[in-house]
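Feature annotations, courtesy of TrEMBL:
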BINDING   GLY11, SER12, GLY13, LYS14, THR15, ALA16  ATP binding site
Amino acid sequence: MFVLGLTGGIGSGKTAASDFLATLGAAVIDADVIAHRLTGAGSPLLGVLQQVFGAWVLDAQGRYNRAAMRAYVFDKPAELDRLNAIMHPAIMHAISDELAVAVGEYAVLSVPLLFEGRHKSPSLLELCHHVLVIDVAVSTQLARATRRDGNDTAQIMNIINRQISRPDRLALAHAIGADVVNNDGDVPSLHQQLAKLHDKYQQLALKAQTSTTKTI
């Protein structure tokens, strides 16, 4: 199946984009949703995290304390690498399983850190035939993410600064021939841009049925 990688910074509107493409017939696979499922209360992966990092990874209800983990690895690159070494293979395996049974005109693989993880082997970027970047100004990211998540501006800026910068994201998108949609406007504007690209992705999906060559 033709796989469209979907990425963008926090607050860019990736979910809004994938939800709309789903209404047009795409199968959506969300890496964040998969990560949440894999670390659900009582899951084997959560047990591994508890064994490796300690009981503090669980909250009072026995659920994965993501906020505590984010704070813990924020300034500890070695610990972040250790966390990723546990999470990445499990997420890759689950995504591959979902792609194998996905039903739709093409698959949208939504990965917030698609570009950031490009140096991993294997990387999620390697699963994608083409990439779509949802781009917004940093001011838009701050406004949307603070409103959505209830975090203050400083917390959101910390997250933004840990992600690939907007100029670097756009430069990489250009280098690999990715599509870029600006989402600083309203929802109808986003949908209009995506509807045009959907036609393109339908054609790419048809070509992918007869070729295994990726377009990036």
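Here the Cβ of each residue, glycine as well, is placed from N, Cα and C on the backbone.
Long-range Cβ neighbours of ALA16 (ATP binding site) (same chain, at least 6 residues apart, Cβ-Cβ under 8 Å): ASN183, VAL187, LEU190.
Other Cβ atoms within 10 Å of the Cβ of GLY13 (ATP binding site), summed over all protein chains shown, number 22. Taking Cβ-Cβ distances under 8 Å and a sequence gap of 6 or more within the same chain, the neighbours of THR15 (ATP binding site) are ASP30, SER110.
Packing around GLY11 (ATP binding site) is summarised by its Cβ count: 23 other Cβ atoms lie within 10 angstroms of its Cβ, all protein chains included. LYS14 (ATP binding site) falls within a helical segment according to DSSP.
What surrounds the ATP site, by Cβ distance within 8 Å of the Cβ centroid and not counting GLY11, SER12, GLY13, LYS14, THR15, ALA16, is the set GLY8, ALA17, ILE134, ARG144, ASN183 from the same chain. Using a 10 Å radius centred on the Cβ of SER12 (ATP binding site) and all shown protein chains, the other Cβ atoms total 26. Just so you know, the Cβ of LYS14 (ATP binding site) picks up 24 other Cβ atoms within 10 Å once every protein chain is counted.
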